[in-house]
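For 182-192, the entry in Swiss-Prot reads compositional bias 'Basic and acidic residues'. Feature annotation from Swiss-Prot assigns phosphothreonine to THR96, THR188. Swiss-Prot lists SER144, SER165 with the feature phosphoserine. Sequence annotations record features per position, and here Swiss-Prot assigns region 'Interaction with host APOBEC3F' to 14-17, 74-79 based on sequence analysis. Feature annotation from Swiss-Prot assigns region 'Interaction with host APOBEC3G' to 40-44; the stated evidence is sequence analysis. Taken from Swiss-Prot, the feature region 'Interaction with host APOBEC3F and APOBEC3G' applies to 54-72. As annotated by Swiss-Prot, region 'RNA-binding' applies to 75-114. The region 'Multimerization' annotation in Swiss-Prot covers 151-164. Feature annotation from Swiss-Prot assigns region 'SOCS box-like' to 151-180. For 160-192, the entry in Swiss-Prot reads region 'Disordered'. If you look up Swiss-Prot, you'll see 108-139 marked as motif 'HCCH motif'. Residues annotated as motif 'BC-box-like motif' in Swiss-Prot: 144-153.
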Amino acid sequence: MENRWQVMIVWQVDRMRINTWKSLVKYHMNVSKKARKWLYRHHYDSNHPKISSEVHIPLGEAILVITTYWGLQTGERDWHLGQGVSIEWRQRRYRTQVDPGLADQLIHMCYFDCFSDSAIRKAILGQIVSPRCDYQAGHNKVGSLQYLALTALIRPKRRKPPLPSVQKLVEDRWNKPQKTTGHRESHTMNGH
């Protein structure tokens, strides 16, 4: 019998970002209790030698599994040191991979406070709007006009430490152009 390969999408992430993600998950599971239903599996709980950790997030009947890997093939850049993350949605025997934005939306649907359906009406009538949205990462694109109006009216609290975001975990911070402020342009470089 020949070998069968299974391909998975693994987002390349640097080690420090994975460590930050793990500590945020553990904090909100054990201290703040906002993610108390989540399950954290250490590397020694897995049979796979490349798995660093797994976070199982129940979403109703389904489970979102965020797996971190180590010892992977290094990337084309020096800082791609063989660390990665995969995001999988499981329900019974069905499994599929999801992107980080969708993962954050799925997490936000089941966990962390957001504006209630009656928040717009309450805001128009001048009543106190409660609860406020705690998980900004769950709204990955420009929201509805009502959501934008509510966020302008009720500023979200800055949480210390922040809630764990999958999109923030896999964000590519290496290939973004550097933003420099307060520096004048080099006239010799611009040809002026």
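Cβ coordinates are placed from backbone N, Cα and C, and glycine is handled just like the others.
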For THR96 (phosphothreonine), nearby residues of its own chain (Cβ under 8 Å, 6 or more apart in sequence): GLU88, TRP89
Counts of helix, strand and coil residues, the region 'Interaction with host APOBEC3G' (40-44), according to DSSP: 2 helix, 3 strand, 0 coil
Summary of DSSP states over the region 'Interaction with host APOBEC3F' (14-17), given as helix, strand and coil counts: 3 helix, 0 strand, 1 coil
In three-state DSSP terms, the structure that THR96 (phosphothreonine) belongs to: strand
DSSP-assigned states of the region 'Interaction with host APOBEC3F and APOBEC3G' (54-72) in counts, ordered helix, strand, coil: 0 helix, 14 strand, 5 coil
